[in-house]
């Protein structure tokens, strides 16, 4: 007999034993049938990478009591592709949730994040998806204050869907010193990572560069995700995989007159 | 004395010896001072991945007569970060061009493509950028018909910039049987890759999955990049790194009433 409970796919970029995904699985299993597919190695900052040059492995693991779970040797996006096409054989997935990431994925981090890219892959497939991140990089991060909010947001999307978007990028403030004030529906703040590469010499005297850097933004006013987080609110940014700048099209129409053979 | 010629950064995802980048370097060097930073291994479909867990290497190579060129052990996005921050020490880059990719990056492929992600990284840094792709996967692809068009598009952007965008995703049709008709400024077609994983057993009897699939779209009408390419035109999609669905925000405002503690 077919279950009426919603089918929820859970993934992340930190792997099966990160406390963030364990919390997300616990919440999801209260409200539906859950399948978990997560990378078997750290896949932070893998963006929308997929594995084309190599085979991918899936290993069924007993990570969560009574819940089907698989470790995948690929990227977060590979996890979603394999879940949908191989494991679920294109059964309808009602919701995909990714995270809870240890560390914020607000502003431009949406593009680098494996967590959000996994959710976006589900969105491309027409599945309502939510990427959750907690603004605390620690593996000891306290997910308790976030938990009821994550539950509410998932329930909202299961009931209402997401019009004009399939993906919510949800960032939860570090709530060590003050309680979460609520949620704000925002736009992605314009910002960037200002890089400073650590330079050094390896044991064989060869030069290396190691990525470091800090996030910088001049766009942290009301209405942005950065503003919400700094003010103690959960930021919710409805996001798209259509990257077209529709506003730019009219001004570029003169390019259609280019004729290098004239 | 400071040179008045524009500074052009050239990169790709196929490495320094792909015919596509060699053609792009030749065109760029006609119009400006050129620096080339490209991956030392195939980096197709790496999306916006960056290398955080490992050091990155740069090797100066003598790949192009009289042109500074470096192989990088990282991803296409890493190449742009190292070029800007380490090699050019934040000198103003007037244009970043990535490609010419062997194979189309139209529609949703913009998200998976290392070629376009490299250009988008430059766009995030405020640099006008163009990702070029030829709709021909062959390493023997003929870049001659594309060449004058690539030159014109680069000159246009150097002179006019790109209002409301910093990134053009340019796809060039396979022109074996008919000449390129012109350029069309388009939006990104809605489409997706329909996956069918090849399944097999490795030499040790362990199961593997290998990504394959075909591109599918129901959105190939006038105004889309797919339409332009199929009709023999070069598609030019002005693109953004702001993924917000601004249209979705009003309808989601009711989420701000969520209160799990009520």
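Note that Cβ sites are derived from N, Cα and C of the backbone, with glycine treated the same way.
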(request) Name the residue, out of A:85, A:90, A:101, that TrEMBL lists for the same divalent metal cation site as A:13, A:14, A:44, please. (result) A:101
(request) Could you check the binding-site residues A:14, A:44, A:101 and tell me which sit with their Cβ under 8 Å of a chain B Cβ? (result) A:44
(message) A 10 Å Cβ contact count, applied to the binding-site residues A:13, A:14: which residue has the minimum?
(response) A:14
(request) Could you tell me which of these binding-site residues, A:44, A:101, has the fewest other Cβ atoms within 10 Å of its Cβ? (result) A:44
(request) Could you tell me the mean pLDDT over the domain 'Survival protein SurE-like phosphatase/nucleotidase' (A:8-195), as a whole number? (result) 96
(request) Note the Cβ centroid of A:13, A:14, A:44, A:101, the recorded divalent metal cation site, then list each other residue of that chain whose Cβ lies within 8 Å of it, in sequence. (result) A:12, A:18, A:20, A:42, A:43, A:76, A:99, A:102, A:103, A:113, A:114, A:115
